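**Q** Annotation comment: TrEMBL describes A:23-46, A:58-77, A:84-104, A:110-131, A:136-155, A:175-195, A:226-243, A:263-293 as transmembrane segment.
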């Protein structure tokens, strides 16, 4: 990113950027433009797209991927990746369901499920940070492990018979807004504050930007990497909470392919896959972009097979347009 | 007619006028020095010559014919070769594969003709009179040999114009001599060379003419024989710089030992002992690869060792990581600022505050951006970083300014010991002088400094004591009048018996003195 001064002689003064140029250079700018473009196309192509009901549905459907994509953002910002999010989501969800079905109080079951997600994430983190294994391999392996554990735990069948009150997280409403959307916004708010207003957030980007320099300057890199993957496990478990509550059953096979959607959301959000650059609000925009794509193509009656092709093409196009603009 | 001519080349980058109507003529068989401070536009000019950047206006002529280099490949095809400041070889490939990368000779089936490549590579090395096995993998080569491979690669396309961007920076004095021998041969063969270096004595040794740039403007072109170092420096910086070293007043308190370290590196036979007094500048001298950087990394716990006993102000400390060292007040300014020092996508501000964000946590764990910005701007003024703003991305700055950003990081960190590894590598005279002054100021505040440097004038001009490294061990400790270029080089280059690292010297190599 270059400095947007236009005068002939650069003054060695500390000048602040204008509001407009800050927006233009914000990592969220291009994702937002893409989002608005797709939004307009979908609105023109379908009469029903703009109905308030439909838009709320889009946001709610997108919430699951959006929540997972928060942890994925942390991992990608450090230059890593977490492929295990889908199965970890399913495993956490089925554990919550299983405990409740066994008569545990919902609060305790939810806490256990969230803890399990964190433990799984921490295990990923320990492998990456302390055993120095490559994240893509570690999480590819734990992806299989988590999926297998979920299937073993449930015997391959969904767990139902959950207490009615538990549906709050997936189907409830607070002041007219659906709870999944609220949870999503809350997760993003916390992530934003952590990434932009705490030292830990700064270290996340620093590790992705140059891990060796970060280490030599005296930052405890392994500790923060551990934390990053723990957060990814936690957000996957939160998504597990929402989806289990929405379906009112623990689905051991839920979340297949979600890791790819989450990665797509992060990258569509303007993050560099090599780390060091990206914005959490961009990820939110990216996740919502995917959601309106899914919804719009469905409304248009496009065949699901063709939808995959269309989605892939649009992702490629978006990355192509956005490439190198930060270099 | 000059073989190579750049006519009134101008180039702007957003916010910066990098070059303003700069001209340069190089004859066949001439070594032409390009001189200027960091940020004067040397690198930009060379990148334009090589097709990496395109000029906004102006022309490139080869043999009087205007050229349009839309890419690096085009420039290569037109006979321009470049040896970059940062090496562009691929370590995992063999020498010959590197030389022909991207244009391997192929047979009719599209398969690589290894024999032909090998023959051509051998012919190249013969022409340069260097002895490198073309089939060896590049990561086995010394820095100097890698440099020679770069030159061979640049010449392999029959380059008639060769750009050497600070080729001597990572080389030892002997290797510099080897490089100069090769350059003289190429001169005889009629190659036009542009040579960039911050070492005046090298320019006077090897170059025919010199062109000076300042702040993106052409200043003048002179015959090297008609000028002297003082005059060139004056042209470069626009003012007279008589002595780049601050006065030799020492702030060392030799009775107050801040740090004692007994370190035995992995795979070494002996334990080395290092003692550092308060306010002292201790030099680590020696050839590249003599173990100075490894020792520095070991001292901050960044490298595993066989034995490490450290006492800081009389207390035993255990350092398992650079973070432990930082906690105890020991900081490192690493050798390679791009790979080990800076977070390139970060702004100046974020780079500077990275290791002391705690200072700005008015309400932990939240950072006060306002306080951070104020502190950063004060620091940037103090080390005189030239940047449009504290939110300028650090990767866009010149080398000297980048180094100042890394230094600024340590100023408010409250360290007792700072290790500067090659703090002025690739930095112009003006910035060097500022960095030296800054180091003196730090020692006046009671901070102790270890300075690793391959530039002898820097060691002799600045250090209170010097440890000379050779083959991974400290082989001599010099102080006072012993700190003298010849003595240092004698210890640094003598053959040592590894069983007796402090044993008798072999004076035969004492002539290898690079400094003037």
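Cβ atoms here come from the backbone N, Cα and C positions, even for glycine.
Give me the lay of the land around each of these features.
**A** Distant neighbours of the transmembrane segment (A:84-104): 64, 68, 71-72, 110, 112-114, 116-117, 120-121, 124, 139-140, 142-147, 149-150, 153-154, 159-163, 166, 232-233, 235-237, 239-241, 243-244, 249-259, 262; these residues of the same chain sit at least 6 beyond its ends, with a Cβ under 8 Å from one of its Cβ atoms.
Here the transmembrane segment (A:110-131) has long-range neighbours at 71, 80, 82, 84, 88-89, 91-93, 95-96, 99, 104, 138-139, 142, 146, 169, 221-223, 225-238, 240-241, meaning same-chain residues at least 6 beyond its ends whose C-beta is under 8 angstroms from one of its own.
Below 8 angstroms of C-beta separation, residues 81-84, 86-88, 90-91, 94-95, 98, 120, 123-124, 127-128, 250, 252-253, 259 of the same chain, each at least six residues beyond the ends of the transmembrane segment (A:136-155), sit close to that stretch.
Residues 56, 59-60, 63-64, 66-67, 70, 73-74, 77, 168-169, 201, 204-205, 235, 238, 241-242, 246, 280-281, 284 of the same chain lie 6+ residues outside the transmembrane segment (A:175-195) yet bring a C-beta within less than 8 angstroms of a C-beta in it.
Packing against the transmembrane segment (A:226-243) from elsewhere in the chain are residues 63-65, 67-68, 70-72, 74-75, 78, 80, 82, 84-86, 88-93, 96, 110, 113-114, 116-122, 124-126, 128-130, 135, 169-170, 179-180, 183, 187, 200, 204, 251, 254-255, 258: each is 6 or more residues past its ends and has a CB under 8 Å from a CB in it.
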**Q** Taking residues 6+ outside the transmembrane segment (A:58-77), which of them lie with a CB under 8 Å of any CB in it?
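**A** Distant contacts of the transmembrane segment (A:58-77): 85-86, 89, 121, 135, 178, 180-181, 183-184, 187-188, 191, 195, 204-205, 208, 228-229, 231-236, 238-239, 242-243, 255, 258-259, 261-263, 265-267, 269, 271, 273, 275-278, 280, 283-284, 286-288, 290-292, 294-295.
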